[in-house]
Structures are given as C-alpha cells and as structure tokens.
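Under the heading domain 'Sugar phosphate transporter', TrEMBL lists 48-258. Under the heading transmembrane segment, TrEMBL lists 49-70, 82-100, 121-138, 150-169, 176-193, 205-223, 235-257, 327-346. The annotation region 'Disordered' is assigned in TrEMBL to 351-370.
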Amino acid sequence: MQRGTGTCKPRASLKRSKILHMALMGTSDPSGEAEASQEKPFVLRALQIALVVSLYWVTSISMVFLNKYLLDSPSLRLDTPIFVTFYQCLVTVLLCKGLSSLATCCPGTVDFPALHLDLKVARSVLPLSVVFIGMITFNNLCLKYVGVAFYNVGRSLTTVFNVLLSYLLLKQTTSFYALLTCSVIIGGFWLGVDQEGAEGTLSWTGTLFGVLASLCVSLNAIYTKKVLPAVDGSIWRLTFYNNANACVLFLPLLLALGSSGPPRLPQLGSAHFWAMMTLGGLFGRHRLCDGTADQVHQSPDPGVSGTAKACAQAVLAVLYYEEAKSFLWWTSNMMVLGGSSAYTWVRGREMKKTQEEPHPRENEKSNMEV
C-alpha cells in the first residue's frame with residue numbers, strides 16, 4: 001500500500017507539468033488521437049480536416065473584417081469597443097443556452113451538452129475568464145486602431161511569449177533553431193512597424209494593444225488547458241462559462257471606462273446595426289472558438305493552416321481596401337508568417353525526436369523499491 005501511495009503525488013505533479021508544457025508549446029496529447037485517426041478511412045479523415053479548416057478560415061477571416069466594420073466604420077460612428085465585445089460574449093451565452101435547450105427538448109436534433117450554471121464551476125473558470133477578457137478586448141482594440149492588413153503582424157508575438165513563458169514558468173530552455181525562428185518573427189514585427197510608420201499609417205496605440213493581445217493569447221492557452229478538467233473537458237461548457245463570466249466582469253469595466261452601453265449608441269434603433277453586432281458575436285465568440293479547437297485536435301499541422309489563413313487575410317485586406325504596400329511591407333509579413341510556420345515545424349520535429357528516443361527505466365525501478 002505504501003508503494004502505491006508513494007507514486008501518486010509524483011504522477012499528479014507530472015500531469016500538471018505536462019498540461020502546462022502542452023499549453024505553452026501549442027501541442028496536444030497524441031495518445032488516443034493517433035489511435036482514433038488510424039481507425040478512420042483516409043478519405044473520410046481528409047474530408048473532415050478540409051471541412052474543419054475551411055470553416056475556420058471562413059469564420060476567422062469574416063470575423064476580422066466584420067469586427068473592423070463594427071469598430072471603425074464611419075457610417076456607424078461607434079466609439080464603444082468594450083460594449084461591442086461585451087455584446088458578442090452575451091450572444092455566445094444565449095446561443096449556447098439555446099442549443100442546450102434544443103438538445104434537451106428534441107433529442108437527436110443537435111449534439112450539445114446540457115448546460116446549467118454552476119457557481120462552483122464558474123469560480124473555477126474565473127482565472128481563465130480574466131485572461132479571456134484581456135485577450136478579446138485587446139484584440140478588438142488593436143483591430144480598431146490598425147488596418148486589417150497589419151492586424152496579423154501587430155499581434156504576431158504570441159509565439160515569442162510562448163517561449164518566454166515556458167522559460168519563466170517551466171524553467172525550460174529553447175533550442176537554437178526555435179530561438180532563430182523567434183528572432184525572424186521579431187524582425188518581421190519591427191520591420192512591419194517601420195513600414196507602417198513610413199507609409200504614415202502606424203498607430204502606436206494599436207500596436208501596443210496588439211502586443212498585449214499576443215501575451216493574453218499565450219496565457220489563454222495555458223489557463224484553457226488547466227481549466228478544461230473543471231468542465232469535464234468540454235469545449236462547449238468552457239465556452240459557455242467563460243463568456244458568462246466575461247459578461248459579468250465586463251459590467252464594471254463598462255462603467256469604469258465611461259461607456260454606459262446602448263443609450264449612447266447612435267445606431268440604437270437600426271436593425272442593420274444589431275444584425276451586424278449579432279453576426280459578429282456568432283462568428284467571433286462561438287464558431288471561431290470551437291472551429292479553432294476542432295482544428296487543433298484534427299489537423300495534422302494547424303500551424304500551417306493558420307499561417308496560410310493569415311497570408312490570405314492580408315492579401316484580401318489589401319485588395320478590399322485598395323491599399324498600396326511596399327516590397328518591404330510584404331517582406332515583414334512573410335517574415336512573420338514564415339517564422340511562425342518554421343517554429344511550428346521545428347518544435348514538431350523536436351517533440352517527435354523526443355518521443356522516439358528510448359526512455360531509461362532506472363528511475364521507475366528505484367521508485368518501486370522505495
């Protein structure tokens with residue numbers, strides 16, 4: 001009995017460390033997923049991946065353009081980015097609750113977990129919700145002040161923060177080649193800032209919000225992995241509790257910033273305005289969150305998909321807004337996207353090499369003898 005209890009605590013601490021490591025490195029546990037993927041026919045899995053990635057592309061790019069319209073459109077004349085973010089979170093809560101009720105009343109119609117607000121679970125998710133608020137708020141504030149084409153460059157330091165946090169929290173060093181890819185990302189970021197300044201379109205405020213958004217995205221990945229057990233590993237439940245907490249936490253923030261909400265909105269009586277706001281909530285806080293989660297679990301290399309999507313988004317933004325960009329500006333984008341993709345590739349090879357190496361069992365034997 002003593003032998004069994006002596007190995008429980010090390011296993012628990014190892015599990016927590018592994019969760020933190022997976023969050024920082026942007027990886028998921030391959031055991032079980034690999035077995036499940038082998039059971040499916042290749043064509044079926046390929047179609048499933050294509051569908052998920054396509055959904056992610058459409059919702060992600062649509063969300064960015066729609067939020068840019070809501071936050072910076074001269075026709076709307078809105079100066080309440082916090083209220084826009086709050087409303088999008090509220091739409092997510094109502095949609096999740098509606099789908100849960102539909103699944104309960106009409107079994108077999110939709111596959112959705114039952115959702116009941118549990119204050120104990122809400123408190124467990126609260127640390128993540130604070131980071132989540134920072135992430136979506138800084139994302140929207142960045143998008144308000146910078147162009148859609150520069151948006152990806154402005155929030156491109158997430159990978160760099162992942163490396164930094166892995167060292168500060170795990171005391172884990174990063175390989176030379178991984179650091180080299182991070183230096184490419186940083187170089188592309190600074191070149192992009194320089195070129196935006198040369199073209200007279202640089203917003204230091206928006207760039208600062210982009211850096212803060214990158215930090216919060218990295219922290220959000222850490223806390224998401226840690227909080228998932230509190231909601232039985234369900235992304236849907238996590239989305240519901242996360243956005244419900246955010247709605248409550250946004251209320252004092254709205255008052256503190258002097259943005260009291262709908263009464264001060266010039267488009268209060270416009271059906272078009274509320275339709276765009278609601279659509280933004282559907283894209284930004286519901287489909288995108290779950291599409292990203294599905295993509296991470298199903299795509300063999302989500303980093304490549306995200307890089308390609310960011311490139312397509314920049315090209316579409318330049319074409320849509322009829323902007324003229326210099327060669328160095330495009331070079332900065334390619335450096336950021338190339339560095340991010342290279343980091344994913346380097347980390348993937350390093351982890352695969354680590355998994356293939358034989359592990360000595362001397363430590364296990366010594367633990368059994370204690």
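In case you wondered, yes, glycine gets a Cβ from its N, Cα and C as well.
Remark: the transmembrane segment (205-223) contacts the transmembrane segment (150-169), by the rule of 3 or more CB pairs under 8 A. Among the stretches 82-100, 121-138, 176-193, 235-257, the one making the largest number of Cβ pairs under 8 Å with the transmembrane segment (327-346) is 176-193.
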